[in-house]
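Everything below concerns the one structure shown next.
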There are 2 protein chains.
Amino acid sequence: MPAPSDGPLVSDLSEDGLLARIFPLLPLGDDTELAPGDDAAVVSARDGRFVVTTDVLVEDRHFRRAWSSGEDVGRRAAVQNLADVAAMGARPTSLVVALVIPGDLPASWVEGLARGLAAECEPLGVGVVGGDLSGGPVVVVAVTAHGDLGGRAPVLRSGARPGDVVAHAGVAGWSAAGLALLHAGRTELDRELVGAHLRPVAPLGAGPAAAAAGATAMLDVSDGMLRDAGRLARASGVGVELDSAAFTGDLERLRAVAGVLGVVAERWVLDGGEDHGLLATFPAGSVLPEPFRAVGRVVAAGEGTVRVDGVPAPARSGWDHFAG
Amino acid sequence: MPAPSDGPLVSDLSEDGLLARIFPLLPLGDDTELAPGDDAAVVSARDGRFVVTTDVLVEDRHFRRAWSSGEDVGRRAAVQNLADVAAMGARPTSLVVALVIPGDLPASWVEGLARGLAAECEPLGVGVVGGDLSGGPVVVVAVTAHGDLGGRAPVLRSGARPGDVVAHAGVAGWSAAGLALLHAGRTELDRELVGAHLRPVAPLGAGPAAAAAGATAMLDVSDGMLRDAGRLARASGVGVELDSAAFTGDLERLRAVAGVLGVVAERWVLDGGEDHGLLATFPAGSVLPEPFRAVGRVVAAGEGTVRVDGVPAPARSGWDHFAG
């Protein structure tokens, strides 16, 4: 989905002129006490604390303009940051965006980016409360997101205890499958999976719900199920046992495309990054909040390791955003 | 000050390997409730609100690696964001950093950047509480900074009233003069001015002090005295009268270098960006907190405009970070 080539380029506009096109598209947010326009914004933090995380997307590393529209990139930049906030058990309140753009980028691409940010933020009452803009050789979108814990303790990676249920909310492997379709030039095979890569849907509401339901540990599955389960296992000093049967739905969903591309679907499910689901642990017998489903259990043995159906998972690295 | 070429390059290390070099260099901060390492950090906000601002530095736009060491860039990235927090009257508490780096960058440059951030943050009790790292074609440093208002109202740009004193804290024109020396290849003429460009020193404590002293308006002078005074004038719906005599100290400091380079020093003082001083207004008769000094007054006439010694300032644009 290349950006439309009509309309002015970024280099045809002044910084103020470009900002004047973007600002009206951005949501104010329910917790914004002072909107952008001064040296800084002011966001309420009734909890007396705030959660903060930052993630950056770089053109030709994390996305290609030939594949992703500005709106796609805006949505993804928002979702991956909001998912990190949700993974602490917090309700997202606000984000700020530092944007680097080449002069030959259509201004409409930047407007699309703003619309993509707004599309993810506005329904949640999240405000886009600040930004900075610079020229540069490639598009870089650095988002910082904030959230409110609502009086609860943050849900860390380190709280899993032997006997806990391991639960997952969201899809597994869909983003990797969509990316494989894009690389293969076969997007017509399954546009839903392509969309799952370009515009991942994270179960953001499940984060605070998990915290309220007593989740003992939680993280955003951004780098692959095995890699992120391994992080939880190491941080908590426990073993994580996953049941591949729990991912039958994802495996069946991906099997046809995997067959055409000559890939084992299980690899996408276990190693694929950027789905932005939530992996959490709950005390045994907990009623899991929707849409969490049990995918395994926490054990004392095999501290810091992950087993799938009792077999040690290979020491896989999943995604290394910095490599390549 | 080119980075040393010995030691490993970024591409010689894994993401985790590079992070392991950086993390120990970063300060935790007095207000950090949960340090980096989970999906997000947690920062206290006892005020029940937080101030937030973001600014990005792009290689070959805002700095050159041939001129700036990693530590210089880290210091500047911290200061320009902390100055925005201070300009709201807030005490900075924390920042996060999204960093894009080419693979052929020496790892020592990145360590220098971390040391530069730490050098500005640690003395203030400010924590570097999060980050993200990606490869990319040029260095991009996107910092988001947060502050605490301590129960006071934020000091906006819009609160200046006719009769107020206009006051300035910090230097004016030094950064522009230093940049001119770098461009001219004459850094030996005045290394202090070059340093004022590479590692600007902002009067950060003066921001909360101004708020406590009853400042009616305030902003960070990042884009030049005239341009930023014009913003204050427009936001407040007032005229701003500046007295050039108030800048005699800066003018005399810059005159020798200006003479050699064939520049009118007044232009640096009035139009030069990136000094990161604070421009504020106070009710007449206020005792100005150190190091503020009176530089003019607010008038009802000439709404939205700036006069210098009674003469309308040309409609100058100062810095446009996006242009060029």
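Note that Cβ sites are derived from N, Cα and C of the backbone, with glycine treated the same way.
TrEMBL annotations:
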DOMAIN    B:37-147  domain 'PurM-like N-terminal'
BINDING   B:D39, B:D84, B:D220  Mg(2+) 3 binding site
BINDING   B:D39, B:T53, B:D84  Mg(2+) 4 binding site
BINDING   B:T54, B:D55, B:D132  Mg(2+) 1 binding site
BINDING   B:D55, B:D84  Mg(2+) 2 binding site
BINDING   B:H62, B:E274, B:W319  substrate binding site
BINDING   B:G131, B:D132, B:R157, B:S222  ATP binding site
DOMAIN    B:161-246  domain 'PurM-like C-terminal'
BINDING   B:D223  Mg(2+) 5 binding site
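Distribution of TrEMBL features across the structure.
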{"residue": "B:D39", "record": "Mg(2+) 3 binding site", "Cβ within 10 Å": "28"}
{"residue": "B:T53", "record": "Mg(2+) 4 binding site", "Cβ within 10 Å": "31"}
{"residue": "B:T54", "record": "Mg(2+) 1 binding site", "Cβ within 10 Å": "28"}
{"residue": "B:D55", "record": "Mg(2+) 1 binding site", "Cβ within 10 Å": "28"}
{"residue": "B:H62", "record": "substrate binding site", "Cβ within 10 Å": "22"}
{"residue": "B:D84", "record": "Mg(2+) 3 binding site", "Cβ within 10 Å": "30"}
{"residue": "B:G131", "record": "ATP binding site", "Cβ within 10 Å": "24"}
{"residue": "B:R157", "record": "ATP binding site", "Cβ within 10 Å": "22"}
{"residue": "B:S222", "record": "ATP binding site", "Cβ within 10 Å": "24"}
{"residue": "B:E274", "record": "substrate binding site", "Cβ within 10 Å": "23"}
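Neighbour counts of Cβ atoms within 10 Å were compared for the binding-site residues B:D132, B:D220, B:D223, and the top value is held by B:D220.
A straight line from the CA of B:T53 (Mg(2+) 4 binding site) to the CA of B:D84 (Mg(2+) 3 binding site) spans 7 Å. Between the CA atoms of B:R157 (ATP binding site) and B:D223 (Mg(2+) 5 binding site) there is a gap of 15 Å, rounded to the nearest whole number. For B:G131 (ATP binding site), the nearest of the binding-site residues B:D39, B:T54, B:D84, B:D220 in terms of C-alpha separation is B:D39. For B:T54 (Mg(2+) 1 binding site), the nearest neighbour among the listed binding-site residues (B:D39, B:D84, B:D223), judged by C-alpha distance, is B:D84. Proximity to B:D220 (Mg(2+) 3 binding site), defined by a C-alpha to C-alpha distance within 10 angstroms, is shown by the following binding-site residues from B:D55, B:H62, B:D132, B:E274: B:E274. Less than 8 angstroms from a Cβ of chain A: among the binding-site residues B:D220, B:S222, B:D223, B:E274, that describes B:D220.
Checking each of the binding-site residues (B:D39, B:D55, B:H62, B:D84, B:D132, B:E274) against B:S222 (ATP binding site), the C-alpha distance stays within 10 Å for B:D84, B:E274. Taking CA atoms as the reference points, B:D84 (Mg(2+) 3 binding site) and B:D55 (Mg(2+) 1 binding site) are 9 Å apart.
Between B:H62 (substrate binding site) and the residue listed as 'Mg(2+) 5 binding site', the C-alpha separation comes to 13 Å.
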